[in-house]
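> The structure under discussion is supplied below as structure tokens; questions concerning it will follow.
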Ligand SMILES: Cc1cc2nc3c(=O)[nH]c(=O)nc-3n(C[C@H](O)[C@H](O)[C@H](O)COP(=O)(O)OP(=O)(O)OC[C@H]3O[C@@H](n4cnc5c(N)ncnc54)[C@H](O)[C@@H]3O)c2cc1C
Ligand SMILES: *[C@@H]1O[C@H](CO)[C@@H](O)[C@H](O)[C@H]1NC(C)=O
Ligand SMILES: *[C@@H]1O[C@H](CO)[C@@H](O)[C@H](O)[C@H]1NC(C)=O
């Protein structure tokens, strides 16, 4: 189409969006730009299309909107529709409610959840906010000052110092008694010893999510469609080569109507991009060719054997401690960062509506095992998965973020055993004594847990108590799954998909390992960091174009 017609078309569209914006301006969340996808035009044009309004996606889109037109397509609804659901006391129920939380089970049998709501995982998670270690930032090749500024940008909106009450104080003291020292006080930093970290829950227990970062967005240049499930990315061929170039996406609203969003053409065509938050690459024809062909993905745009490889998680081993005292509701606040490579976090007073389990949720000590990245083959991805898409592919294949298999790697097991030994010391400490029944010992409790009907393993009732076996038997996810679109394998250092133009992946799937104790701070930071970088590239590009 002619350049000028395109331009005009875009102006009209922008005008329509501003108009619609003013109609919806007193919608919950305060954003005029949140709209249901049923209101989307058949075809629209933007400089950037961000797929997934998740943890990284919201930070990225808010930033890009400062100097470009941005469309966010989010398959879920708005967390502002039911603000109390995200309060701290509703953590477990909201995680179990399938409206915003999509259960999936990895092929290894690990139960896991995937967010389906604006704000992504920050709407469902335990809220602990903690930055990456300095080495992580250095290894990622990120610019240190930019990283610092991006963390601060995030923290201004969503991070808080928690109010530390009885149980968390006892747990903190117990960690110190168990030798996880020194005490580093309250800090967002990742430092060896025991600390109080940040949280996205404010003092009143209200959760602040990545969706709050959209307060930074330019109302006039951003549109967020909710209940917009992206089906595939569209490609053309880059002029003069056979290199595929992303130029738009197809998404479906909740009435089943399909819409197209395209990258705005005109002189910006070379710099505009689709930015993928979820892993739609395979469905769009980019991935291991044989695998795609087997599942009927057609056409195959690019054979990319590394898509879907290298997924991992921080496996977790929980220890539940019934308390004789009432305990406050708390998610993660105090955390132990020992120097052998596991982390110890805890929560308390979490009740779920299943009354029988209540007692066991009084105190939960979670042992997070540091890095474990199994080389996972494509066959480990779930083959059919209901993401409410009517996929035309044979088995509805979509890449899933999956917790890795339970590791029996001796190094991982040793880390876990060392961590459990520290947890036993925590439970047996003077500091913790108020929150356990008299006579209960760490070892006794671990034995008891293994003897529960759900996990009846008679061998643990023998006198030879095996911490290694406990590690293997009780491993679950802490939901820090990452990988599948790793830097250096699927995307380059600028998060551009290798072998394709105008397409980036910016989210946890690009990570080689999980940052710090918990990833959300760094995922939001990355959205901001890359948004700034993309805007600088854009300004440079447009300047050069003008000179030419
Ligand atoms: C129960 C739980 C507890 C956790 N606790 C903590 C914690 O205490 N601290 C911490 O730091 N981290 C925690 N995490 C991890 C952290 O929340 C996640 O790692 C992080 O949110 C992932 O961010 P992301 O941007 O990669 O993906 P997400 O935030 O999941 O974003 C992906 C978005 O894309 C959307 N989407 C997917 N497919 C499509 C499609 N086809 N079309 C349109 N939209 C689509 C999804 O709906 C979602 O909104 C926890 C996670 C969970 C689930
Ligand atoms: C599940 O969550 C949605 C959205 O917050 C809410 O409307 C619905 O009532 C919840 N369902 C249950 C059974 O709690
Ligand atoms: C916005 O774009 C203009 C023109 O390209 C450029 O001069 C300016 O530096 C950009 N600002 C930001 C914040 O990127």
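Think of each number as a place in line: the chain as shown, counted from 1.
Backbone N, Cα and C define each Cβ position, glycine as well.
All TrEMBL annotations are machine predictions without curation.
Found this in TrEMBL, in case it helps:
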SIGNAL    1-25  signal peptide
DOMAIN    115-138  domain 'Glucose-methanol-choline oxidoreductase N-terminal'
BINDING   117, 230, 519, 520  FAD binding site
DISULFID  416-471  disulfide bond
> Neighbour count, 10 Å Cβ-Cβ cut-off, for residue 471 (disulfide bond): what number do you get?
24
> Those recorded positions, 230, 471, 519, 520: which ones have a Cβ sitting under 6 Å from ligand 1?
230, 519, 520
> Over the residue list 117, 230, 519, 520, recorded for FAD, what is the maximum interresidue Cα distance in Å?
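Pairwise Cα check on 117, 230, 519, 520 gives a maximum of 25 Å.
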> Which of the three DSSP-derived classes (helix, strand, coil) applies to residue 230 (FAD binding site)?
strand
> If you draw a 10 Å sphere on the Cβ of residue 416 (disulfide bond), how many other Cβ atoms land inside?
28
> Between the Cα atoms of residue 230 (FAD binding site) and residue 471 (disulfide bond), what distance do you get, rounded to the nearest Å?
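Rounded to a whole number, the Cα-Cα distance is 39 Å.
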> Give me the long-range Cβ neighbours of residue 520 (FAD binding site): same chain, 6+ apart, Cβ under 8 Å, in sequence order.
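Non-local contacts for residue 520 (FAD binding site): 55, 121, 122, 125, 128, 129, 200, 210.
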> For the domain 'Glucose-methanol-choline oxidoreductase N-terminal' (115-138), what is the mean per-residue pLDDT, to the nearest integer?
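Residues in the domain 'Glucose-methanol-choline oxidoreductase N-terminal' (115-138) carry a mean pLDDT of 96 in this prediction.
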> Among the binding-site residues listed here (117, 230), identify the one with the smallest other-Cβ count within 10 Å.
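Minimum Cβ neighbour count within 10 Å, taken over the binding-site residues 117, 230, occurs at 230.
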> List the residues of the same chain that sit at least 6 positions away from residue 519 (FAD binding site) in sequence and have their Cβ under 8 Å from its Cβ, in sequence order, or write 'none'.
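Residue 519 (FAD binding site) has long-range Cβ partners 480, 482, 508, 511.
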> Rounded to the nearest Å, what's the C-alpha distance separating residue 416 (disulfide bond) and residue 117 (FAD binding site)? Just drop the number here, would you?
33
